[in-house]
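Report on the structure given below.
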Amino acid sequence: MKLKFFVLALCVPAIFTTHATTNYPLFIPDNISTDISLGSLSGKTKERVYHPKEGGRKISQLDWKYSNATIVRGGIDWKLIPKVSFGVSGWTTLGNQKASMVDKDWNNSNTPQVWTDQSWHPNTHLRDANEFELNLKGWLLNNLDYRLGLIAGYQESRYSFNAMGGSYIYSENGGSRNKKGAHPSGERTIGYKQLFKIPYIGLTANYRHENFEFGAELKYSGWVLSSDTDKHYQTETIFKDEIKNQNYCSVAANIGYYVTPSAKFYIEGSRNYISNKKGDTSLYEQSTNISGTIKNSASIEYIGFLTSAGIKYIF
């Protein structure tokens, strides 16, 4: 499947090269557009643990949630030939952002639907998040008022969290939810990092009416490589998960207004989703120096929303 994707990516320019006239140079340094914007990022990621020897049932889930994290975003688009363009873009958060985390366990196999342990960590932060993207666009329709094209690209997204303090309810010594307490507010409890590597294909479209322009983009991937690192500071245990060939879908839309022939103010919103899928876990206990790998024992699911407003300039 990966080979098919990269073949498609390489073929996009070739498909449309035949449409270029002999008077049109292969590269046009002047035909470049740039954009910069400020925006907001909200999302939720679910980190799950399963017990392979008990039918693969879920035994733990950590929900990391954040809202309205401030981001700065930028991009460059370069028309290589009339119907093919190359783009580079990315965004990053600005400083620590407020978040929350809930950790829930189901340790009793006799009542697998009833949670046994739960902790709440309102003093959680999204320490940083960022993304970069490379893509090629091949335009099937390329008129002044409307465009429709194929897109093939690659993007990487990173997220880093830190949970401090928190309160808990645990089941201990054969009891049920019989221990309640709280961690010191300044004590580190869990650190969590994610990395998503996403080759994708999709469709992109634009429509212009007078000074208004509308755009939409749909991206899909079945080849996502996800990985994470979960560090429990109290037990000195590190979990590393890897999930291959997850599904990814992104839908984006924007509207803009040209204040000059070369400058456009715009607003944009997107929804990004990576579906849940099981993978392998590697664990390491620092205190005992014990390590191991468990197959089909972890999963990652992610949903995120990004909105931004900015300016695009065409040279």
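In case you wondered, yes, glycine gets a Cβ from its N, Cα and C as well.
Annotated signal peptide per Swiss-Prot: 1-20, in sequence order, evidence recorded as sequence analysis.
Residues near Asp103 (active site) in space but far in sequence (CB under 8 A, at least 6 apart, same chain), listed by position: Ser60, Gln61, Leu62, Asp117, Gln118, Ser119, His121, Ile190. The active site annotation in Swiss-Prot covers Asp103 (among others).
The Cβ of Asp105 (active site) lies under 8 Å from the Cβ of Ile59, Ser60, Trp115, Thr116, Asp117, Gln118, each on the same chain and at least six residues away in sequence. As annotated by Swiss-Prot, active site applies to Asp105 (among others).
All chains included, 21 other C-beta atoms sit within 10 angstroms of the C-beta of Asp230 (active site). Marked as active site by Swiss-Prot on the basis of similarity to another entry: Asp230 (among others).
Annotation comment: Swiss-Prot describes His232 (among others) as active site, evidence class similarity to another entry. When Cβ atoms from all protein chains are considered, those within 10 Å of His232 (active site) total 17, not counting its own.
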